[in-house]
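**Q** Below, the features straight out of TrEMBL:
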type     : residues       : note
BINDING  : Asn159, Asp219 : Mg(2+) binding site
TRANSMEM : 12-30          : transmembrane segment
TRANSMEM : 51-71          : transmembrane segment
TRANSMEM : 77-98          : transmembrane segment
TRANSMEM : 105-124        : transmembrane segment
TRANSMEM : 163-185        : transmembrane segment
TRANSMEM : 191-210        : transmembrane segment
TRANSMEM : 222-241        : transmembrane segment
TRANSMEM : 247-267        : transmembrane segment
TRANSMEM : 302-324        : transmembrane segment
TRANSMEM : 330-351        : transmembrane segment
Amino acid sequence: MPTELDGIPLRLLGFVLGLGVCWALLPVLIRLSPRLGLVDRPNSRKVHQQLIPAIGGLTIGLALLAVSVLYTPMQVLAGQQPVLILASLVLMVTGVIDDRLNLPALVRLCIQLGCALAVTHYGIRLTSLHGLFGIQTLPLLVQYGLTMLILTGMANAFNLIDGIDGLAGSLALLNTLVLSGLAWFLHQPGWLALLCPLAGALLAFLKFNWRPARLFMGDGGSVVLGFLMVSIGMALMEGAYGQANAYAPQALCLITACCMLPVIDALRVFGSRMMRGNSPFAADRNHMHHWLLKHRFAHSEITLRLLSVHSLVVILSPVALYFLSISTVFIGQIGVTIGYTALIQLSHSFLQSYRLVKKLESN
């Protein structure tokens, strides 16, 4: 529990600076994006019908970097933060190049694994499961392997859920605010100094990304955000654990809750593709948001529905931990998310059957 307010006015300044810098950069980069070739082109998998600038992630990254360098004291940005910032920059540049040139999946994966290894080597790694399924401290080799799997998995899962206006940005903003509260609670000013400008930049991005979207996040944003959020979450959790803090299990619960929706959706889609004999990386229109689009929900309605179930899992998880074991809460997180996914799928199947019956009746 913090003994001081960790400079709340200073953190609010960081939020405002992140908001202002990103807001100022966005119109400029929107105009430049066609000349840079950073546009998302419509195709059979996309829901938009015209060229849309895909520079949201680049703008968020530039704003965060500028604010971090100019506003955050160097003694606060120390230790693991510079390594994570550098790894995030590498992923952002890779994502921007991929948006421009469509890099092979293996190349992207190798770069992501390299960034995950660097971050893991410099201390941002899962050293304990804090009693989850009875597991405490992990062997060093397992720490490296599990951390790299989680980092690359969440980066790609968050990229996959970035399919409609406002969804990825809204989930990222909520997760960033949750992590900011956790960083304040655990008295981690270094991570708070990164999270506050990030929250401001995400809010500015959402102003331009809400339906009808004037820009998209692009791989240079969604991959980085997934990687960054879970890295900071691990660092906060391990910081609490290193201080023999009793709140490490609560931190783990919050972090798994923040990851649950994109990860469950990605695993379900991968499984569905493989069951049909396709590559798990073969793109399709089988995500939760695609189902809801087929139900003729607006983009904003879909975003609010998915954000609601995500918020429910995030809010209830730490509360439930006071009454249930961490393993039970984790299984409950999975159950609620899968249950909501199944409900969407059943309603989608029912709608298809209803339309077929109506079509047969009309003939």
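All positions are counted from 1 along the displayed chain.
A Cβ is built for glycine as well, from the same backbone N, Cα and C atoms used for every other residue.
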**Q** Could you check if the transmembrane segment (302-324) is in contact with the transmembrane segment (105-124), meaning 3+ Cβ pairs under 8 Å among residue pairs at least 6 apart in sequence?
**A** no
**Q** Which one, 51-71, 77-98, 222-241, has the most C-beta pairs under 8 Å toward the transmembrane segment (105-124)?
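**A** Looking only at 51-71, 77-98, 222-241, the most contacts with the transmembrane segment (105-124) come from 77-98.
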**Q** Could you check whether the transmembrane segment (222-241) packs against the transmembrane segment (12-30) - three or more CB pairs closer than 8 Å, residues at least 6 apart in sequence?
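**A** Between the transmembrane segment (12-30) and the transmembrane segment (222-241), which are separate recorded stretches, there is no contact, as judged by 3 or more close Cβ pairs.
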**Q** As a test: from 51-71, 77-98, 191-210, pick the stretch that has the greatest number of Cβ pairs under 8 Å with the transmembrane segment (12-30).
**A** 191-210
**Q** Can you name the residues of this chain that are 6 or more positions from Asn159 (Mg(2+) binding site) yet have a C-beta less than 8 Å from its C-beta?
**A** Asp219, Ser222, Val223, Gly226
**Q** Among all protein chains shown, how many Cβ atoms are found within 10 Å of the Cβ of Asp219 (Mg(2+) binding site), not counting that one?
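**A** The answer is 26 other Cβ atoms.
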**Q** With Cβ-Cβ distances below 8 Å as the criterion, list the same-chain residues six or more beyond the ends of the transmembrane segment (191-210) that contact it, or say none.
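**A** Tertiary neighbours of the transmembrane segment (191-210) are 6, 11-12, 14-23, 26, 30, 56, 59-60, 63-64, 67-68, 71-73, 76-77, 81, 85, 165-166, 169-170, 172-173, 176-177, 179-180, 183-184, 216-217, 221, 228, 232, 235-236, 300.
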**Q** Residues of the same chain, at least six outside the transmembrane segment (77-98), with any C-beta under 8 angstroms of its C-beta?
**A** 38, 57-58, 61, 65, 68, 108, 111-112, 114-116, 118-119, 122-124, 155, 190-191, 193-194, 218-224, 227-228, 231-232, 235
**Q** Once the DSSP letters are reduced so that anything not helix or strand counts as coil, what is Asp219 (Mg(2+) binding site)?
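**A** Asp219 (Mg(2+) binding site) sits in a helix per DSSP.
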